[in-house]
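What Swiss-Prot says about this protein:
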type	residues	note
ACT_SITE	CYS94	active site, nucleophile
ACT_SITE	CYS188	active site, cysteine persulfide intermediate
BINDING	ALA8, MET9, SER10, GLY11, GLY12, VAL13, ASP14, SER15, MET34, GLY118	ATP binding site
DISULFID	CYS94-CYS188	disulfide bond
SITE	HIS119	site 'Interaction with tRNA'
SITE	GLN322	site 'Interaction with tRNA'
Amino acid sequence: MSKKIVVAMSGGVDSSYTANLLQSRGYEVIGVYMKFHPREEYHQKNIANIQKVAKHLGIEYHVLDRTKEFQERVYQPFVDSYVAGLTPNPCAMCNRVMKFTELIEFADELGVDNVATGHYAKTDGQFIYEATDKSKDQSYFLFNLKKEFLPRIIFPLGDWYKENVKKEAMKILLLKSIAEQKESSEICFVETNYIDVLKEHTEVEMPGEVVDTHGKVIGEHKGYMHYTIGKRKGFRLFKAHQPHYVLDIIPHKNRIVVGTKEQLEKRQIVLRGLNMFLDQKEFDCYIKIRYRTHKVPCHVKIDGSVASVTLKEPVYGVAKGQAGVFYDEEKVLGGGWIV
């Protein structure tokens, strides 16, 4: 008898091919699509793709409306973070509090042990690892998964290169149009840019002061929520300067602090809200402070839910609210939120 598995399906090529791959390995695939926001046109297009795949594979699929839960657990905290002068990482948060939690709970309702997604990552049931395709690796966004979920998760695309997934999908007539469609943006509820999302909920266009590290007013900006640490454009300085970067954001004063690249340098970072797969309290490893940055060697000391990180080489653009993820080569050891 074939083993059942619940597959998160988005209507894109990765999750569609994941379902196809698992069926070819003998699994009885049950597809599930989760609505996380009220953009109905977006959902209808995705569900139409899932219907195609389900028909081709002869599998059942379910549509779960989790708009209310997403609003409370991910969307509102995203808005609140920017209002507080932080730079949030909604995908890493969503993977923990929404996507995988809802997927596991739905599998439990059906009495199914395993779940799968089209993420480019690997797991051995204890740790998460980088995908073979480093250009598409999503392990950074998965550091926050509950440890007890890992033995139940399968990432079939962990050893695949994206270009090969698309090539193979193109060979299957009903998947061809899905393989040809444009890739979706990283943040599913952001159609254009995050500022447009914020404008729906709060005042964003608020001209304010640009100050140097001594508090001297040296320019003006268009509203602090437009900026993140390390940004060097979008504000005006009264006099010509060497390139200046955002060093800090002071929301209650609607101010941004700017300085030189040297002043942007960090060699110490503190993380809170840790999620660790490794039990050690002190260790050497690598840290990644943004999705598209390289890993930096560091020394970590953990005290409760706080990690003090000493970097062995400087990093720039460390933004409060972003995820700091610990690696041992390709293995994800855990991580937390930069404060």
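Each residue, glycine too, has its Cβ placed from N, Cα and C.
Since this is a predicted model, take the numbers as computed values, not measurements.
When the recorded positions CYS94, CYS188, GLN322 are ranked by how far their Cα is from the Cα of ASP14 (ATP binding site), CYS188 comes first. Distances between the Cα of GLN322 (site 'Interaction with tRNA') and those of the recorded positions ALA8, MET34, CYS94, CYS188 are shortest for CYS94.
Packing around CYS94 (active site, nucleophile) is summarised by its Cβ count: 24 other Cβ atoms lie within 10 angstroms of its Cβ, all protein chains included.
Close to HIS119 (site 'Interaction with tRNA') in the fold, though at least 6 residues off in sequence, lie ASP14, ALA131, GLN138, PHE141, LEU142, PHE155, LEU157, each with a CB less than 8 Å from its CB. If you take the Cα of GLY12 (ATP binding site) and the Cα of CYS94 (active site, nucleophile), they are about 18 angstrom apart, rounded to a whole number. Take the CB of MET34 (ATP binding site) and look out to 10 A: across all protein chains shown you find 21 other CB atoms.
For the ATP site listed in the record, the two most distant Cα atoms among ALA8, MET9, SER10, GLY11, GLY12, VAL13, ASP14, SER15, MET34, GLY118 lie 16 Å apart.
In sequence order, TYR33, ASN46, GLY118, SER184 constitute the residues six or more apart from SER10 (ATP binding site) in its chain with CB-CB distances below 8 Å.
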